[in-house]
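Following: one structure in structure tokens, then a few remarks.
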């Protein structure tokens with residue numbers, strides 16, 4: 001049974017000023033938080049947030065160039081939570097990743113009270129000192145919550161950081177700011193949006209969503225989920241690619257929460273790509289405090305499990321897609337869908353290869369229907385089964401956003417005569433879908449299959465190089 005959902009994403013922007021040109025990109029959001037006109041529609045002007053969760057953002061000045069904007073965020077629950085997280089697979093895991101893992105393992109995903117996040121410095125590859133800094137951030141929040149961690153009492157706050165790698169945190173600034181943020185914790189939309197703003201780096205807009213929904217066992221009972229994320233570059237999954245904090249007031253056990261999050265991440269944050277790089281810091285955490293009451297979800301056989309999985313996966317996909325829409329220098333949001341593969345793994349591998357191809361991405365930026373680059377990426381995909389890609393069965397097309405007929409580029413290995421004028425019109429739109437049909441037929445046919453894989457990605461522009469060339473300046 002599917003859950004009923006209501007998405008609170010309202011066009012408009014209430015506090016962050018728009019740039020004079022309406023189109024400028026913030027190369028460093030700490031210097032300029034102007035929101036391009038085309039991005040304002042993605043910033044919510046209202047929201048409905050989970051019961052018992054509070055948010056705040058405050059200014060610490062982690063980067064010396066940041067003299068006024070929030071760069072420390074807190075998300076706290078008024079009651080202890082179940083928590084789960086998925087972390088980067090990068091071998092150089094940042095100090096906050098290591099500390100958050102320790103917190104979750106020590107408490108077995110139970111009795112977590114919140115998350116503290118800083119932007120402006122990744123606290124990655126910073127040695128033992130960096131680990132102590134991350135631990136002190138967790139301890140300071142616990143102290144503010146009135147539950148200080150001691151030698152016999154384990155920390156209960158997760159830690160996240162984002163920014164430049166290889167630099168120590170200005171830890172005293174952050175520790176002095178945490179009580180300031182804690183004193184302003186609130187359940188208001190303003191507080192949540194300020195927290196979402198505080199975790200931004202090269203992002204052009206804060207990424208915040210909230211939804212209300214019902215579950216089968218309590219059809220007249222309203223539940224809530226909210227989440228924020230950051231990320232515009234160094235985005236390619238495995239997990240993960242960014243920072244994400246999701247909160248819900250549904251009662252869920254730690255074991256069930258871990259399963260729910262893993263499934264959702266594999267179909268959302270692990271299906272996006274900006275530039276093919278996987279960060280040292282990236283983390284997606286899910287907190288559930290049960291404040292809305294009702295039956296606790298404990299196992300996949302629980303009455304509400306399947307419906308909750310649907311809600312969470314859909315919500316995570318919406319958050320992940322916001323990251324792609326804010327890709328550094330991006331002008332396009334592209335969906336690549338691979339059909340009729342012998343396995344979902346092969347379909348996703350092919351979609352991933354297309355999504356991270358610089359030649360595909362630059363062609364799309366140039367509005368060039370150069371489908372040969374797509375075909376090339378399909379052909380060099382690594383790690384797929386023999387026989388997955390058969391040139392004589394492969395078809396490629398562009399699917400316009402207006403719902404009109406697909407523009408066929410290649411059909412069963414034979415090139416089509418392409419209407420270049422129509423192709424140019426399709427590529428003028430911000431959104432585009434690329435459909436790759438491997439011609440595997442319906443599931444069950446011998447040697448064939450009907451599995452599908454999907455990825456979301458953006459194009460590469462001149463601006464991507466400028467942003468990343470200037471990142472530390």
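Cβ coordinates are placed from backbone N, Cα and C, and glycine is handled just like the others.
What Swiss-Prot lists as substrate binding site is 201, 230, 241, 328, 468, 473, and the listing cites sequence analysis. Among the features that Swiss-Prot reports, active site, nucleophile is placed at 241, with the record citing sequence analysis.
The Cβ neighbour count for residue 328 (substrate binding site), using a 10 Å radius and every protein chain shown, is 26.
Counted over every protein chain shown, other Cβ atoms within 10 Å are most numerous around 230 among the binding-site residues 201, 230. In the three-state DSSP classification, residue 201 (substrate binding site) falls within coil.
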